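Engineer: Next up is a structure, given as structure tokens.
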Amino acid sequence: MSGERRDWIAAAGAPLRGRLRVPGDKSISHRAVMLGALADGVTRISGFLEGEDTRATARVFEQLGVRIERPAHGECIVHGAGLHGLQGSDCVLDCGNAGTGMRLLAGALAGQSFDSVLAGDASLSKRPMRRVTEPLATMGARIDTGTGGVPPLHIHGGQQLRGIEYALPVASAQVKSALLLAGLYADGDTVLQEPHPTRDYTERMLAAFGWPIEFGPGHVRLQGGHRLRATDIDVPADFSSAAFFLVAASVVPGSELCIEAVGINPRRTGLLQALRLMGADIRAENSRECGGEPVADLVVRHAALHGIEVPETLVPDMIDEFPALFIAAACASGRTVVRGAAELRVKESDRIATMAAGLRALGVGIEETPDGALIEGGGAIGGGVVDSHGDHRIAMSFAVAAQVAVGEVRIGDIANVATSFPGFKELATTAGMTLSAAPL
Ligand SMILES: O=C(O)C1=C[C@@H](OP(=O)(O)O)[C@@H](O)[C@H](O)C1
Ligand SMILES: C=C(OP(=O)(O)O)C(=O)O
């Protein structure tokens, strides 16, 4: 998606101060477009993430015949086609960099009468898809993957799906959601058990769209054959985007920052707990609801952090926040141990290997393990060159690390930051960080 290779130059900046608001939640934005497209009636989405991942999902539904108006930045009006109203496309459906987009679409498109082809960029084209295609096949779906179970996905329509009872082998909200979306089209019940509870946005949003569904932490049951009724969705700010500022303000002396209206669904806020265990000073103020989700203003002040063993039970609740956590660990006194996080190896990059290589390049001691890392914190973070491998969260994490580095940090291949956090550089510099585009 993201054209030519671009780099950032980052260096120690000022304390982070003031108030800011990060863009809308990526997971909720994807789902709002999807359910809006499959609903009867008009769904108005506000606070929609104008990122490349979520725009790709909206474009896919436009290709499938759904009218989506964009009256203003962050606003979408989705004219739902109804559960059976999508039209097949002869063109490849491009999910860009988005694992969420592709995996959830696989579930929704498995139940259609037409064939579809889902493809993605170089990173997405390496990510495992059998975790969705195999259980979908037991529901009666016919999906061919590329060699080794990676994209593109050729989805053969016209299959009558049936509900299954399935215990997910990995804690993955994407797998769960793909099966639930297929379950809308299935005969009978789809009943899922998770090894650890994961984000429940699909379940909550299906209920908001009027679909009968029973769910609780780690389990869900729904019956096929109902209808979705359009509703309005107000998307809270993305905790995963707030995470970079939580870490930056924690580690840069003199910082005091308020991040407004952040979604604090407990299935997303593992990093908050981990940082507090490390000694961070973060308070949730003005707790309230936004679009049925808990939100709060997060006030973070600089604090002396110390290393911890990250409780494994927190891993699914902070799965996207490990790159940021690794930076906090590098700044904390003593050792931080991460275990039970092998899923990090199959994200936009191998996030354990990419973070380890980048931290080593800045002089931080880190030992990789198959499912995590041991990070030796408290030493100086040096200047140097790190490669984000096109991974948005790695790029933003090293921009944070640079704020306490003794030299300049060049961060390579940053264009994909726009997948989840358009405007990060501008917001970060407003808050006090030193970050600029490297000359081409
Ligand atoms: O369902 C979702 O919206 C997501 C689930 C997680 O992936 P997994 O399901 O692979 O854990 C997460 O990493 C991703 O950024 C968004
Ligand atoms: C893993 C992520 O997203 P996705 O799986 O949708 O590409 C992420 O945003 O960190």
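Every residue gets a Cβ built from N, Cα and C, even glycine.
Heads up, TrEMBL stuff is auto-annotated, nobody curated it.
What TrEMBL shows for this protein is this:
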- 12-426: domain 'Enolpyruvate transferase' (DOMAIN)
- Lys26, Gly99, Arg127, Gln174, Arg351, Arg393: phosphoenolpyruvate binding site (BINDING)
- Lys26, Ser27, Arg31, Ser172, Gln174, Asp320, Lys347: 3-phosphoshikimate binding site (BINDING)
- Asp320: active site, proton acceptor (ACT_SITE)
Engineer: Which residues does Lys26 (phosphoenolpyruvate binding site) neighbour through Cβ under 8 Å, counting only same-chain ones at least six apart?
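Structural biologist: Set apart from Lys26 (phosphoenolpyruvate binding site) by at least 6 residues yet with Cβ under 8 Å, we have Leu49, Gly51, Asp53, Thr54, Thr100, Asp238, Ser240, Ser420.
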Engineer: Please report how many Å separate the Cα atom of Asp320 (3-phosphoshikimate binding site) from that of Arg127 (phosphoenolpyruvate binding site), as a whole number.
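Structural biologist: Rounded to a whole number, the Cα-Cα distance is 15 Å.
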Engineer: On the 0 to 100 scale, where does the mean pLDDT of the domain 'Enolpyruvate transferase' (12-426) fall?
Structural biologist: 98
Engineer: Which binding-site residues among Ser27, Arg31, Gly99, Arg127, Lys347 have CB under 6 Å of ligand 2?
Structural biologist: Gly99, Lys347
Engineer: Can you list which of the binding-site residues Arg31, Arg127, Asp320, Arg351, Arg393 have their Cβ under 6 Å from some atom of ligand 1?
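Structural biologist: The binding-site residues passing the 6 Å Cβ test are Asp320.
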Engineer: Per 10 Å Cβ neighbour count, which of the binding-site residues Ser27, Ser172, Gln174 ranks highest?
Structural biologist: Ser27
Engineer: Tell me, how many other CB atoms lie within 10 A of the CB of Arg127 (phosphoenolpyruvate binding site), whichever protein chain they belong to?
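Structural biologist: Around the Cβ of Arg127 (phosphoenolpyruvate binding site), 19 other Cβ atoms lie within 10 Å.
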Engineer: Using a 10 Å cut-off, grab the number of neighbouring Cβ atoms around the Cβ of Arg31 (3-phosphoshikimate binding site), all chains included.
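Structural biologist: Around the Cβ of Arg31 (3-phosphoshikimate binding site), 27 other Cβ atoms lie within 10 Å.
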Engineer: Please report the Cα separation of Ser27 (3-phosphoshikimate binding site) and Gln174 (phosphoenolpyruvate binding site) in Å, rounded to an integer.
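Structural biologist: So the Cα of Gln174 (phosphoenolpyruvate binding site) lies 9 Å away from that of Ser27 (3-phosphoshikimate binding site).
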Engineer: Given Arg127 (phosphoenolpyruvate binding site) and Arg31 (3-phosphoshikimate binding site), what distance in Å do their CA atoms have, once rounded to a whole number?
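Structural biologist: Given the Cα positions, Arg127 (phosphoenolpyruvate binding site) is 20 Å from Arg31 (3-phosphoshikimate binding site).
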Engineer: Output the one of Lys347, Arg351, Arg393 that, of all these binding-site residues, has the highest number of other Cβ atoms within 10 Å of its Cβ.
Structural biologist: Arg393
Engineer: Give me the largest Cα to Cα distance among Lys26, Ser27, Arg31, Ser172, Gln174, Asp320, Lys347, the residues the record lists as binding 3-phosphoshikimate, in Å as a whole number.
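Structural biologist: Binding-site diameter by Cα atoms for 3-phosphoshikimate: 19 Å.
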Engineer: What's the CA-CA gap between Gly99 (phosphoenolpyruvate binding site) and Arg31 (3-phosphoshikimate binding site) in angstrom, rounded?
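Structural biologist: That comes out at 13 Å between the alpha carbons.
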Engineer: Between Gln174 (phosphoenolpyruvate binding site) and Lys347 (3-phosphoshikimate binding site), what C-alpha distance do you get in Å?
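Structural biologist: Roughly 12 Å, rounded to the nearest whole number.
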